[in-house]
Amino acid sequence: MAESPFKADIERAQKELSEKMTPGAIVYIPGSSVINKTGSWRVFKPEFNRDKCVRCYLCYIYCPEPAIYLDEEGYPVFDYDYCKGCGICANECPTKAIEMVREVK
């Protein structure tokens, strides 16, 4: 079978693209929400009950923003500057340690 006359062009294009593109499903930096505080328009906010928490980290895993981090003991801490009040954390919590309450400003 004869070699494609375009093989060199294809290989060069693949090399150029591979140098410019990141591997799939990897986000090296979050979107602009880290730069721009996004919690100012929230209607509900998560209220955390430490006594009910089993440290399963589902709230941390499912939070679509960088709004939850873990303290030294592994408990979630909510960064209200970035929390949009979506309620995903409360919905995913198996022990209902997170309750969404109306934001009072």
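Every residue gets a Cβ built from N, Cα and C, even glycine.
Here's what Swiss-Prot has on this protein:
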DOMAIN    44-73  domain '4Fe-4S ferredoxin-type 1'
BINDING   CYS53, CYS56, CYS59, CYS93  [4Fe-4S] cluster 1 binding site
BINDING   CYS63, CYS83, CYS86, CYS89  [4Fe-4S] cluster 2 binding site
DOMAIN    74-103  domain '4Fe-4S ferredoxin-type 2'
CYS59 ([4Fe-4S] cluster 1 binding site) to CYS89 ([4Fe-4S] cluster 2 binding site) - Cα separation in whole Å: 4
Going along the chain, which residues at least six beyond the ends of the domain '4Fe-4S ferredoxin-type 2' (74-103) come within the CB cut-off of under 8 Å? 33-34, 37-39, 41-68
If we check Cα distances from CYS53 ([4Fe-4S] cluster 1 binding site), which of the binding-site residues CYS63, CYS83, CYS86, CYS89 wins as closest? CYS89
CB neighbours within 10 A of CYS56 ([4Fe-4S] cluster 1 binding site), counting all protein chains shown, number 14
Set of same-chain residues at least 6 away whose C-beta sits under 8 angstroms from CYS63 ([4Fe-4S] cluster 2 binding site): ILE88, CYS89
Would you count the other CB atoms within 10 A of the CB of CYS59 ([4Fe-4S] cluster 1 binding site), including those on all shown protein chains? 23
Those same-chain residues, other than CYS53, CYS56, CYS59, CYS93, found with Cβ within 8 Å of the centroid of the [4Fe-4S] cluster 1-site Cβ atoms are VAL54, ARG55, TYR57, LEU58, TYR60, PRO76, CYS89, GLU92, PRO94, THR95, ALA97, ILE98
Other residues near the [4Fe-4S] cluster 2 site, CB within 8 A of the CB centroid of CYS63, CYS83, CYS86, CYS89? PRO46, CYS59, TYR62, PRO64, GLU65, ALA67, ILE68, PHE78, LYS84, GLY85, GLY87, ILE88
